[in-house]
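Reading through the structure tokens given below for one structure.
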Amino acid sequence: MRGLSTKPVAIIIAILTVHFLFAAVTSQSSGDFVPIESKCNGTIAECSLSTAEEEFEMDSEINRRILATTKYISYGALRRNTVPCSRRGASYYNCRRGAQANPYSRGCSAITRCRR
């Protein structure tokens, strides 16, 4: 088995070099992959302050998803500095000792693989 000869490898390297040089010369970008226009025309300090304010004004995707799961806010959640139920694994709505957090209420079927 012979190794690769140097002539085809040199030709491939030359073609790739010419291709990349041609692409670099004809590109419209100034080094960025995606041209982005600046929205702020002030100083760096002014622009960074406006960006920080916008960051806290926008609601995060996670907050929107969490709030979208329920259509109401309970009175307990509106009280200040309180934990709804401090018992580990207990339901917020049923904080009694021994109460199940998520009681199983579906019937038994082959799909759920429950014991009979």
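Using N, Cα and C of the backbone, Cβ positions are placed for all residues, glycine too.
Mapped onto three states, the DSSP output places Cys85 (disulfide bond) in coil. Among the features that Swiss-Prot reports, disulfide bond is placed at Cys85-Cys95 (among others), with the record citing similarity to another entry.
Under the heading disulfide bond, Swiss-Prot lists Cys108-Cys114 (among others), citing similarity to another entry as support. In three-state terms derived from DSSP, Cys108 (disulfide bond) belongs to neither a helical nor a strand segment and is classed as coil.
Its Cβ taken as reference, Asn41 (N-linked glycosylation site) is surrounded by 7 other Cβ atoms within 10 Å in the chains shown. Positions annotated as N-linked glycosylation site by Swiss-Prot, on the basis of sequence analysis: Asn41.
The signal peptide annotation in Swiss-Prot covers 1-23 and rests on sequence analysis.
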Length of the line joining the Cα atoms of Asn41 (N-linked glycosylation site) and Cys108 (disulfide bond), in Å: 65
Rounded inter-Cα distance in Å - Cys95 (disulfide bond), Cys108 (disulfide bond): 27
